[in-house]
Amino acid sequence: MKKVYLLLFFICNFSYSQYEKEIDSLTKIISSKKENKEKSKAYDVLIQLYLDIDLKIAKKHIQSLYDLNKNGNCIECEIIADLNNGYYHDMLAENEKSIYYFEKCAKNCLKINDYENYELAQMQIAQDYLALHNHEKAELVLNNVINFSKKHNLKDNLYFLYYLKGTLNADRSYYKLGLENYILAEKTLLKTKPEDLKTQIDIINMIGVIYSNIENHNKAREYNNKAIKIAEKLNDMSIKMNVIRNRGFIESTAKNYTAALPYLLEAYEYHSETNNINLKGMGAYFLGRCYYELKNYTKSLEYSNEAIKIYEKSQNNIDYARALNNRARIDLKFNKLDEAKEDIELSKSLMKNKESRNYIEILTTEIDYLVKSNNLKEAITAISSRDSINTILKNKTDLTNLNELQTIYETEKKEQQIQLLSTQNELAEKQKYIYIGLLGLLAILGASLFYGYRIKIKIAQKLNELNELKSRFFTNISHEFRTPLTLIKSPVQSLQAEISDENQKNKLHLIDKNSNRMLDLVDQLLELSKLDSGKLKLILKEGNIGLFLNSIIESFTFQAKENKLSFSSTIEKNTENHHFDKDVVEKIVTNLLSNAIKYTSENEKISFQSKIENNQLQLVVSNSGSEVKKEELPKLFERFYQKKENHQGVGIGLALVKELVELYNGKIETTVENGLLSFTVLLPLEKSNSNAIVVSKETTHSLSDQNTTESELPILLLVDDNQDVRTVLKDIFKENYQIIEAADGEQALKIAKKEIPDCIISDVMMPKMDGFEFTKQIKTNELTSFIPVILLTAKTSDEAHLEGLKSTADAFLTKPFNNEIVKATVLQLIEERKKLHTRYSQELVLRPVDIVINSVEEKFIEKLQLILIKELANSEFSSDDFAASIGMSRMQLHRKLKSLLGVSTSEFLRNERLKASTQLLKKGKANISEVAYSVGFNDVSYFSKCFKEMYHCTPTEYMERN
């Protein structure tokens with residue numbers, strides 16, 4: 001097969017000296033009196049060498065090839081000339097011209113039955129359509145050439161056809177199919193042409209690019225490193241530069257722009273020196289993007305202009321549009337709105353495929369432009385268009401997955417059928433008589449199996465009915481028990497508050513304690529019934545196990561201290577995330593530790609250890625002073641096992657743990673030695689679990705349906721002296737909130753006064769200032785009184801809960817906390833504040849009773865009213881003056897008003913002035929100018945504009961209506 005030029009992936013560039021001898025030899029053949037056909041072969045090799053060295057000389061030799069067929073007696077010369085002319089225009093990124101010459105070449109090949117060059121020309125046509133992102137034509141040409149190659153038994157280029165299929169699927173975001181095509185191409189290449197290391201490098205490179213596109217960056221780097229090692233063996237600079245450029249692309253996709261820059265620069269400089277226009281343009285585009293993300297807009301503009309200059313001359317409209325979009329983004333940074341608009345409109349017109357990621361990027365730039373131009377109506381329309389395309393692409397991706405699975409299934413099915421047919425043909429004669437002999441036996445066996453199967457079906461149905469009955473029974477028990485237990489607990493708690501006799505109080509406390517114990521048992525029975533019925537499934541979500549376990553353990557540290565026990569924990573720190581069921585792991589750990597605390601005597605020791613080894617989570621819970629004997633260990637997991645009649649039973653906590661571990665396909669072992677009782681749990685961290693549902697990415701719900709920049713996100717202050725707990729909370733909220741942190745109450749109070757957050761989550765037990773005192777300080781300070789506070793504590797008692805509510809905390813949650821409940825609580829408190837914003841916007845007069853929720857805020861609103869009464873007519877009264885009058889910094893007042901009323905300081909002043917103007921307009925005793933001046937507007941036209949924006953009518957129209 002003649003040399004194939006992979007347009008975007010490898011083009012060899014060697015110095016003249018490397019080929020000097022070969023060029024001299026070829027020149028002698030051309031100058032000789034040999035036949036034109038023989039000369040054409042020499043020209044072919046010579047042109048391909050010069051395509052790597054000097055394009056002008058290559059073009060000259062191509063024309064010489066055409067001259068050999070001037071008389072029409074060497075059609076082979078014209079075929080080779082057309083092929084090389086196509087390669088020449090590919091080097092210049094003139095893909096449409098290349099297609100013309102390759103098609104011309106293919107037609108001439110069919111005239112003389114030159115099937116090999118016909119196949120080669122068709123493959124190049126498919127590749128050029130891929131470069132132009134014309135997937136439909138590329139697929140059509142590829143399918144035709146594949147059928148042609150099969151028909152004429154052309155196998156040498158099979159690996160390259162698989163390669164092009166992979167490129168087509170990867171370019172259409174069918175990454176799974178693309179990956180399979182590339183792997184198949186590599187396997188075929190290693191079988192047929194193991195010496196072709198250049199193509200092998202390119203295939204490996206593209207596998208790395210696919211992994212980069214699906215955000216598996218470590219895998220992408222692994223393949224790129226593999227390609228670099230092979231490239232170093234070749235000692236070929238052009239191949240090495242291709243791999244280096246791809247490494248820059250991988251790091252850029254991983255948003256590691258600082259690391260990407262050296263690779264992209266090195267490749268760009270090399271392609272500039274070797275005058276490879278196509279790859280130079282690609283390098284300039286990626287450097288422009290990289291410098292933009294690094295905020296070096298001058299450099300970004302320089303490289304973007306270079307890319308535009310190159311693509312403007314080519315027929316590659318998509319890359320031209322992408323380069324223009326990059327420049328438009330830079331223009332927006334410098335507020336060059338007209339230039340940005342021109343580039344955006346041109347890039348949109350170049351993009352024929354509107355349902356693509358590239359077009360979404362252009363729409364995003366257009367939205368930024370429209371917002372900066374204050375054209376909010378069109379911006380909303382553009383956002384709607386972008387969201388629609390995103391939805392289409394998501395649906396397309398879902399369909400893609402189905403198509404991929406179907407294709408894989410059909411391929412495997414065909415392979416199995418071929419293998420089965422082959423085996424059947426070989427054994428047909430031997431099996432012929434065996435089948436006749438076994439026919440009778442099979443009939444008998446079939447009848448027996450059918451009868452057995454029917455019995456099994458009936459048994460399974462009965463078991464299912466029994467499980468359903470048992471599940472309904474325990475569910476009903478749970479509901480039925482809760483009502484009378486509530487009716488027992490409520491009067492008991494009332495009596496505890498009324499009775500002063502300590503003996504009576506102790507008895508009531510005993511009743512209350514055992515009521516709670518019975519509630520726990522009911523819940524555990526319900527959980528066991530779900531396990532027995534097979535309804536419980538693991539929900540595997542990605543997360544950091546170490547941080548999660550630390551958040552659970554904290555509450556048991558406090559419980560152990562209350563029970564006068566020594567408690568220690570060793571949790572291995574691990575930066576990697578794993579898939580695990582948080583609810584199940586929490587139940588296992590909680591039951592084991594609760595059991596240890598319950599059955600361990602005072603002054604004894606309890607320890608908890610965890611580590612990850614061989615992709616397994618190991619949990620070890622130990623307690624000293626145990627009286628359990630070795631022969632009793634297996635019985636500990638029996639429900640309500642009781643050692644002796646006068647000993648307390650173990651309940652069903654350990655039985656539940658065992659069932660949950662088995663659901664996880666894990667193991668649990670128990671040992672006792674010298675009074676030290678240990679439970680060791682091993683849980684696999686693999687996603688391939690038959691009892692599991694894998695959630696690849698946790699769905700997050702934004703506070704608003706509209707797009708929100710990071711600076712507009714609500715501020716959430718996290719206060720806890722435990723860094724791990726703060727990290728867990730940060731992971732929960734980081735996508736929808738700006739996070740600030742503090743390690744104690746004093747530090748948090750200073751931060752809260754400065755930043756004025758939208759919500760605070762605080763621990764109770766902290767050094768310097770505890771959570772209760774911190775909450776009181778927040779709620780009694782005029783700057784921060786309106787901020788919702790959620791308290792977290794390891795204390796589970798009602799007394800602790802009551803103290804939290806007395807401190808005026810807005811919510812009180814116990815550790816270990818449920819992530820969804822914490823998220824919902826924060827969201828609800830912020831949404832409640834938004835309702836006050838709505839009420840404020842609808843009120844004609846600022847009334848504290850309708851807006852505030854405590855006396856501190858009421859005083860603050862009264863201050864606002866007094867200042868407004870005094871300064872309302874003063875047009876010079878600014879936001880800075882307002883802040884100084886109320887005794888706050890400008891930012892503090894801004895944050896306070898934004899959070900309390902949903903408006904900035906300047907918006908608040910303008911709104912109140914407009915509200916006051918409506919009262920004057922209703923009276924109708926003054927003209928519009930007088931009303932405007934009396935409420936602080938010194939420009940009547942500006943007053944009318946603001947009035948219309950707020951009340952959707954002009955002041956004159958308002959006066960006429962009222």
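Yeah, the Cβs are placed from backbone N, Cα and C, and that goes for glycine too.
Look at TrEMBL and you will find 476-687 tagged as domain 'Histidine kinase'. Residues or ranges marked as domain 'Response regulatory' by TrEMBL: 715-830. Residues or ranges marked as domain 'HTH araC/xylS-type' by TrEMBL: 862-961. The annotation 4-aspartylphosphate is assigned in TrEMBL to ASP763.
Around ASP763 (4-aspartylphosphate), the C-beta neighbours below 8 angstroms that are at least 6 residues distant in the chain are VAL719, ASP720, ASP721, ASN722, VAL725, GLY771, LEU791, LEU792, THR793. Across the domain 'HTH araC/xylS-type' (862-961), DSSP classifies residues as 75 helix, 0 strand, 25 coil. Confidence annotation: the domain 'Histidine kinase' (476-687) carries a mean pLDDT of 78 in the model.
DSSP states for the domain 'Response regulatory' (715-830), grouped as helix (H, G, I), strand (E, B) and coil, give 53 helix, 24 strand, 39 coil.
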